[in-house]
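**Q** Let me begin by handing over the structure; questions about it come next.
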């Protein structure tokens, strides 16, 4: 038994090391890639100072943090709701952030600065989160709370569609592209949003013990002495914050929160002590690679990163499912 435990521990360490190396390679490639490829030897040249340090570095850091946040949010939701289909967009938080952003564009008549739009997106996400917490205080089961999140997401999606199709604002039309996800407008002015993600990410990665209990189910977690109501509220609030900040940075990005935790579980990473940091590393790596493809696929334009993540990730996920089912 002790030998098996040690073997599993070594395997987990190997996985984390491999994911760390993959993320580092993706980060370096992201800094080099673009219309003008700049190798590390030229990073401190005048051209490198502009393209690498002022343009690509803030974008790369934003992609890294958003990928980690979405993947961890997916792992948390799947444990919290005991549902393999749970992911950041399912609770309606992403759509709530979109409603906040569209309301800001309408009320501000397109004159609000980017930081104000970001705050409105976060506010929209947190409002949906507060509504979910209100439902949670009524001691609803996780399945009913999940359905409440789906209903809120549908309502928010309908509000966004009404606002977009009945508006003549050019800025509002452009939000349709933004809601498909993209990091094209990220620079150092959004660094406060990146900083806002870091403490919540680190805190959730340290909560492996309650997450392992939640993964056993409500009844087992309660029997083990876990204050279920408290942890449900805290995790929903933390997830709402991470998703709200992510949407404010890059728009709505699917697939990462749904598939990355699944892939790691299929690879044998089921303990949240390893799964949570693994999701952060794998989510960051996957979104960095998708962002590189979005930048390089077209010569004079940039693809929405949400389209890239779905196109590249769905076939991989189907292949893994078929392989696991043999």
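Any Cβ shown, glycine's included, is placed from N, Cα and C.
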**Q** Identify the topological domain of residue 9 and of residue 253 in Swiss-Prot, and say whether both name the same side of the membrane.
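**A** According to Swiss-Prot, which assigns topological domains, residue 9 and residue 253 fall on opposite sides of the membrane.
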**Q** Out of 11-35, 93-107, 191-206, 275-296, 305-324, what stretch is closest in contact terms to the transmembrane segment (114-138), meaning most Cβ pairs under 8 angstroms?
**A** 93-107
**Q** Between 191-206, 275-296, 305-324, who has the most Cβ pairs under 8 Å to the transmembrane segment (11-35)?
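**A** Maximum Cβ contact count belongs to 275-296.
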**Q** For the transmembrane segment (229-249) and the transmembrane segment (191-206), does the number of C-beta pairs under 8 Å, pairs 6 or more apart in sequence, reach 3 or more?
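**A** They are in contact.
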**Q** If we skip the immediate neighbours and take only residues 6+ beyond the ends of the transmembrane segment (57-81), which ones have a Cβ under 8 Å from one of its Cβ atoms?
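**A** Residues 23, 27, 30-31, 87-88, 90-91, 142-143, 145-146, 183, 186-188, 190-191, 193-194, 197-198, 200-201, 204-205, 211, 214-215, 232, 235-236, 238-239, 242-243, 245-246, 249-250, 253, 256-258, 260-261, 272, 275-276, 279-288, 291 contact the transmembrane segment (57-81) from elsewhere in the chain.
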